[in-house]
Amino acid sequence: MVGRIPDRDIAAIRERVCIEEVVGDYVQLRRAGADSLKGLCPFHNEKSPSFHVRPNHGHFHCFGCSEGGDVYAFIQKIEHVSFVEAVEMLADRIGHTINYFGTATSVQRDRGSRSRLIAANAAAAAFYAAALESDEAAPARQYLMERNFDANAARHFGCGFAPSGWDSLTKYLISKGFEFTELEAAGLSRQGRRGPMDRFHRRLLWPILTLAGEVIGFGARRLFDDDPMEAKYVNTPETLLYKKSSVMFGIDLAKRDIVKGHQAVVVEGYTDVMAMHLAGVTTAVASCGTAFGDEHLAMLRRLIMDDNWYRGELIFVFDGDAAGQAAALKAFDGDQQVAGKSFVAVAADGMDPCDLRLSSGDQALRDLVACRKPMFEFAIRSLIPDGMVLDDDPQAKVDALRRSVPLVARIRDYALRDEYARRLAGWTGWSDEGQVLARVREEANRRSVPERTRRRSVSVEQSPFMQPPGAPADQLAARPDPRDPTLWPQREALKSVLQYPVLAGPVFDTLTVESFTHPGYGAVRAAIDAAGGASAGITGAQWIDVVRQQTTSALIAGLINELGVESIQVDDEKLPRYIDGVLARLQEVWMGRQIAEVKSKLQRMSPIDQGDEYHELFGDLVAMEAYRRSLLEQASGDDMTA
């Protein structure tokens, strides 16, 4: 059994780690108000940012998919690890030594499973890099030199060599304290007929790293004709760490420049990435052992995008027109917001970036990227023959138009579709631009009728904001609409006390559960009370955690996290006055209900038969109305807008 991590270490690590820096390794964040950052959610596909991080409170929350929690929850979710492994990862990040206690072997006490696999891969990368300097690795060095990659380039990209020995790496790593089961789980070793053996032999290797810079696998290139494994390239198999659908070579090196320049360049191979980076195109990445897919796209979009408007560029560099055309045509069926800002670059002679750099130098690669074509244009023009052919053959002109109109009609953005229709007239040499535009619109309308019908039939079921069919009534009731103006003071009051308990403190604690008319908000108020109230002296991420622990309802716990992260739209210097005003407004609403009850009771009483009681209650009413007026004055000066 793994030694237990003391609570004091868990709290200390959470306190020292900056959640915005951790999340920033995976998501590009931009300021969105006081102590609020936002970006595209890494846990579901979205076009507009609904993922928020509150640095001072140490929490995140997505208003699109409801994922949320502290920095440990984020690492658990994004890296698919246990809580213990998340703590260990963050401890490594800040150099914190965990003082485990309880029974455990020395290896178990040292690390959890994921961390052990990361450590094994890192040790393997160092072993392979050292082996690249050996005499046996001369063919690997020659392969790199022939492509104009010197020793410095090899070190920069972590290139290595797998020796010919049956179990050279395996024996080395076992001597360093790793177990064979760990090496097998990491994809570094496997069980052979003669016992444990290395996975890679006599191959040039590239380490594949995560956004956070952790080695999780390798790509290996065949060098020798007598290599029994005929595949030119092989990769680490699917492991706990290595998922080929979501890893990219070079992403660790390109990440910062992708974020800074709002641009990513996607190439097809390891040497292409190396060539691009060395030529100054430092945003180049490549998929590993599989085609570029949705998860790769989602990762790059999170780095490129920074607000509700998609400002980035995704540039695909292909070896030839056929590959580029196939990829471009797929864009019409995918996310066209991305496709509309995607580009294709193909060298005139069909050379890949590595060969182009060899033949024409670094400037040729920079020019290749600079001369990119919009993906929609590339796809459409791939269906149109050379202009001279069209001039000489009227039938070819008609055929080109017939092929191209349906493709242009698939563009869903009306303005963009019309613009490409006009361009299509020019590309095909069609003199009547209006006729082409009308044809495209007619085709688009024909296609849109079944599409609109389909969308109507699934819109309710697929809405991310709807409860699943058959959801319990109490769950539906406990899910308040954040846009409901009648509930706005209650929501703002709860946000204030969860995010700034010191400011909300004593006044909030005077509010009863009955002040919160929505069951969900009332349940949150009850949880705050059970946690000791706003004046308990607990602040930051710990305060929200303590409140969340007071409920057994996952829905209410999620609501607590949501309220603890949702931005309060006011400048820091105005926060105290704003919170006072919010609480005053909520008190005023509650006081209004109390006054209505007193008035109703007075109407049922006789001032003659119940004189003393009547006059006493009337005096209370006068005092209550005076207090309500003071609350109204306080609330009216809070600079709030509902």
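Backbone N, Cα and C atoms are what each Cβ position is placed from, and that goes for glycine too.
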Have a look at 41-65, 191-215, 466-490 and point to the one annotated zinc finger in Swiss-Prot.
41-65
In the same chain, which residue numbers or ranges, 6 or more beyond the ends of the zinc finger (41-65), come under 8 angstroms Cβ to Cβ?
14, 18-20, 23, 26-27, 29-30, 32, 35, 71, 73-74, 77-78, 294, 298, 302, 305, 307-308, 310, 335, 337, 464, 482, 498-499, 540-541, 544, 561-562, 564-567
Structural state of D319 (Mg(2+) 1 binding site), classified by DSSP into three states:
coil
Taking DSSP states H, G and I as helix and E and B as strand, how many residues of the zinc finger (41-65) are helix, strand and coil?
0 helix, 8 strand, 17 coil
Far apart in sequence but close in space: which same-chain residues, 6 or more away, have a Cβ under 8 Å from D319 (Mg(2+) 1 binding site)?
E268, V346, A347, G350, M351, D352
